[in-house]
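The feature transmembrane segment is assigned by TrEMBL to C:6-26, C:33-57, C:77-106, C:118-137, C:143-163, C:213-233, C:254-272, C:312-330, C:379-399, C:419-441, C:461-479, C:615-633 (among others). For C:72-122, the entry in TrEMBL reads domain 'NADH-Ubiquinone oxidoreductase (complex I) chain 5 N-terminal'. What TrEMBL lists as domain 'NADH:quinone oxidoreductase/Mrp antiporter transmembrane' is C:138-432.
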């Protein structure tokens, strides 16, 4: 059945798909970095504008569901990609490779991510996941003359493809058992009770593993630091934020439609969350490479997010959404700063990775240093930053659902985390023996503006988070199981 | 018509899947790893075929077509990357890809 | 438009000043820094004046105004608000804070000019003023605590401002650690309050307290003792007074602002703000009075033996805050606040004048190496004299007389007062006169012992604050006349909207005149005595000091009644001793072990990040197996 009036609901996806094709044509017609960059920004704005007022529409032919949750995360993703696009320009500015296709891939990956958050069916989910993944392989290995990037690309390709296979195999088993691929139909079955068939459970387990890989949860996390470190910084930002946020939404949709979590499934997630929080923070403890440190930090942060997931319910979902936004801001800002301060990605040229190369950043670029310090404090969960509210919200959701073990581990691991976040902050403010030189970055105005916006958001959501919370609780409602 | 129980039907894709997984784990040559991944994906496709025939639906078969298409796309990108790796390192052994890892200078 | 809606701007201006200075300060010209640093406080002061006039002419309902800026967050009913609360008490405080800060900032623009870290200084100072305003305007305990810690942090940063000298760093740490002892008690007290009342709102707590707690209930005694602990730490009262004299390591404007006029009186504010609780715990309130009395005597005697100009003033501050505690302890709430205000004026004045003297003497602090500055520095001398007069409470013409006299009278005549409390305060007043005029005579009279190279009197920015504060130190007292003279008490009347009036025993007013006469006599006797000992016959004091008893007393007082040595023996030495016989402390093992354990775990997991894709794959496979086993066996 085709409902014409539902067409506007898919405008963002249509715009993104059309934009990527147009972008390719544009490149074929005339290769110009600035024009392509601006075109990408414009199409993102257009997609964002088309989100407007569609979140009361419901299902689109069983494949997609347009609800508040989906639209909210779509909006967050589009804004995040907007920032990443801005950061990409100075990063590739002086690069000798052909850089225009990067934006095409960025648009395609965004198409995959935005489709995934409104997916309501195995087919649409698989399709959007693969669009996202395949774009990511190339985004990661984009500076093809850099051995690190190519290595990261190959590693991610192998691991992600295997995990996709695991995931699809699991989905297939669920399909065999239920005869349904639509989450809505699965939800109807679940109320009647899905038998605890061994194949069904194996299927769910495989799906958890597959999604766990995409979310970089322990023990499926090992790829994270290698890929973050090898990929160009804007891509790392994409992997850290958007690909995880969109997969998380699908995870939530899947398990809330399969019904109240069975004891065993809940236990799996509890164990995974605890392991991710602790191991992520432990791994980061003495890490000297800023990108790897952020990777480990993201593992721990996804662990916190799973606490909200286990807590489930309305509070859990709202907490997760708030936490996700705070986490997005931090990761975008951190990788944005790395890409801004790095020499252009050329063969043989390393990015600015080691912590010691950030020593005394404050005395040369105080604005950037203050932002980076604030990001670290936010990740550490210091009050008056968005990260504090996010973590506190997650903590409260854990308390309300009486997940005491998770709550305790969350607090303990935060203490461990504090150590390495403060280590970075100290590094930024201490005076170096020999002043570190920073490249004179071109095109600093839009980037600087983007940093300023992130700075303001970080403080705003920390000091007066009410606006964001209202927005979330207005839009995002518990999906009917 | 003789009907085979579902569990027995599922054995075949399961075995295929395990073969693929073992292949990925054991082989060091990236090209073979890609092939093993294909086996895994196709095993997953087989599961959907089984489901499709079991529930008398076309949905599962649609999914298989998607899986095939995406597998092809993955291999295409994968081969391109392998080519690049080979140009740089003159090898397609994944264990030689050792640039990215945790430094271990501390005790 | 309702001017009270602008209340949030009062702390917002200093915060904005701090942010500008912290973010862009390194690129600003020093003149711009001075303008931003001082101007932001000036705007606050003007706004406070406007609000104050409005408050007096068109007071809000019940003389209290609450401004909720926003609710920080609201998660399932737990909703700490960011709200300001204005009543006569906080109005007096913000008035004093903004105005005195403004003049001290103005003074600092010239005083700190030749220092490196000019921006840093003004940034910290603005942050301090912001924190202090938040502390007194807070509507709830969370915000109050934020301000409380904020001022502590700024105090730490500013004492150690000249951080290159190790001694200053030590003084800063000492101040931080000693006040931290009090803060720990304070935060526990706050937790008890929140646990009992399930709200953070101070006014709600104060309203419910008499309903929930009967007088003398154990809970209220504990809470008040714990809060008193915090107050004693911040206000440098017995037994936590030892940090303040060392805190003089900071620049003089810091001493004037933080360690005389504002922060150290936060304890007084706290007790006055929670007076309902103390009224419910009379025993603790008596303890407040006793602490105040002992502190004022001990600190007074210590001041008598100091040579360092700033240390004399530091001990004097401790002693004067002792008077405020005495007043609080006998239920003379308004008298305490009155003395706080007057003290802020004259003590800031004395510190600023002392700063000018020390600047002229090229960082010489010892008063016995100064002398004869009267002619060379007339403005400084006269303003210093006015400040000293107020400190010594010279009758009629100085503001200090009106405020201190009120405390002494209430200590005698209040229902909670007694003859002994009065006598202690009375003796203290005599000592105050002695050390004050000893300081004046030694510094400004006699022979000049050191030439003046750069006379700060040429700096207008330094002299204007002195004159203004001197004027305030004179006329400030006339808004509250003694009962015996006339019933002209607008200050108390204003404050009684929030603080209960002092309950006097019957038929006391007749005796007030008597007490005043006695005070007047000892003031003039004290001035004469110190004139005799330090100007007329300097040999007299020297000969007295040379007797063995005199020397012992001098040393004892000089070292601040050996409290540092006592704490050294009681707390530091045993710890050092234990650490010496047990260098590998077993508790250390726990912490270090925890640290090492984490590092070990880190190293272990770090090994897993080996870069081998196939190992990563294996981990995924193991993870899948692990999930299956969980499903199957649980």
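Keep in mind that glycine also has a Cβ here, set from the backbone N, Cα and C atoms.
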The transmembrane segment (C:77-106) versus listed stretches C:33-57, C:213-233, C:254-272: most Cβ pairs under 8 Å: C:33-57
For the transmembrane segment (C:6-26), sequence-distant contacts whose Cβ falls under 8 Å of one of its Cβ atoms, 6 or more beyond its ends: 33, 36-37, 39-41, 43-44, 47-48, 51, 65, 67, 69, 84, 86, 94, 98, 119-120, 122-123, 126-127, 129-130, 133-134, 137
Distal contacts, the transmembrane segment (C:118-137) - CB-CB under 8 A, six or more residues away: 7, 10-11, 14-15, 17-18, 21-22, 25-26, 28, 30, 33-34, 36-38, 40-41, 44, 84-86, 90, 93-94, 97-98, 101, 105, 108, 112, 143-144, 146-151, 153-155, 157-158, 161, 251, 253-254, 257-258, 262-263, 266, 269
For the transmembrane segment (C:461-479), sequence-distant contacts whose Cβ falls under 8 Å of one of its Cβ atoms, 6 or more beyond its ends: 100, 103-104, 106-107, 109-111, 341-342, 345-346, 348-349, 352-353, 355-356, 379-380, 382-383, 386-387, 389-390, 397-403, 490-491
DSSP residue counts for the domain 'NADH-Ubiquinone oxidoreductase (complex I) chain 5 N-terminal' (C:72-122), split into helix, strand and coil: 29 helix, 8 strand, 14 coil
